[in-house]
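Note sheet for the following structure.
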């Protein structure tokens, strides 16, 4: 049996993909694509180690305890270098999470060919005519290189000890004099690069699950002349004691969004001991939170916010608040509700020592089929 480990690369930003969600976070059923792709390959062989490379490692750990997670780098090569330093098996198979439909037959052919060269590479023949700088070139001399590629670990480690940039493992190994063996590739292993590529993948639609999140925040008062709630400045004889602008309503909303997605909370993402968040406009924090949950495959359904304050009166500002929130969340105005209540002069809120807010949000998976 081959002493073999698996590395799945998925630290890219999906800049060419053209959808709100990173491709690795598109859902097929309840699984994000990175998990689906990793399980698809790892189920076909008893790999010594399975390493997933990502920029969302802590979040990914919630989805599986069977894999190791390594932080990605600036480039594919940096990410691979980070991962392979944790590999001690004789051979390593490297694939891209963007190749989600790798067939079992291709994995088998790679493993059977492992001893033929330093790197085993699936490649497709080109059937169309090819032109380069207005000159037709012989397509029979060209190949489309795919992953996964299977390499001798020591050779790949050696090949990565360079500042030269390579787009795949085989070219790096070839550059140091290593040998490469080509096997027949598979159309099903083509890379998911643009959103239209989704049409050829045999993937289930996202599940119809709904995810509810709840957020709560409170801030005490100090002397001042206004407070900010849901992005609206309200004239008042006090101000919030806070590291940011103290917008309790938007802070609660941020936590509700993050909680529904089971993501890190507002204190972890925007700590109050970080100077870059000093006096920050909380609308920026909310926009960052929205961008995050969308990038990991969620859509926002609705938001319901309750502001708990003895004073000032909130009613005159509710419409302006709702519009700001709806614009940032990217949902219709009728799906945002702002409410206000008092504590009937009870407790610290009743004594006008501060204000609290509670927010509830519902999310669903981004349905990529609707944009094809």
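Even glycines carry a Cβ here, placed using N, Cα and C.
Divalent metal cation binds 217, 219 as Swiss-Prot records it, and from the list 243, 251 the residue named for this site is 251.
Excluding 217, 219, 251 themselves, the residues of that chain whose CB lies within 8 A of the CB mean position for the divalent metal cation site are, in sequence, 218, 240, 242, 246, 247, 248, 249, 250, 252, 356, 357. Of the recorded residues, residue 243 (4-CDP-2-C-methyl-D-erythritol 2-phosphate binding site) and residue 23 (site 'Transition state stabilizer') place their C-alpha atoms 35 Å from one another. DSSP classifies residue 243 (4-CDP-2-C-methyl-D-erythritol 2-phosphate binding site) as coil under the three-state reduction. Taking the recorded positions 16, 139, 219, 251, 351 in turn and counting surrounding C-beta atoms within 10 angstroms, the largest count is reached at 251. Taking Cβ-Cβ distances under 8 Å and a sequence separation of 6 or more, the neighbours of residue 343 (4-CDP-2-C-methyl-D-erythritol 2-phosphate binding site) in its chain are 308, 310, 349, 350.
Within the same chain, residues at least 6 positions away in sequence whose Cβ sits under 8 Å from that of residue 217 (4-CDP-2-C-methyl-D-erythritol 2-phosphate binding site) are 248, 249, 251, 252, 255, 266, 356, 357. Cβ neighbour count for residue 191 (site 'Positions MEP for the nucleophilic attack') (all protein chains, 10 Å cutoff from its Cβ): 15.
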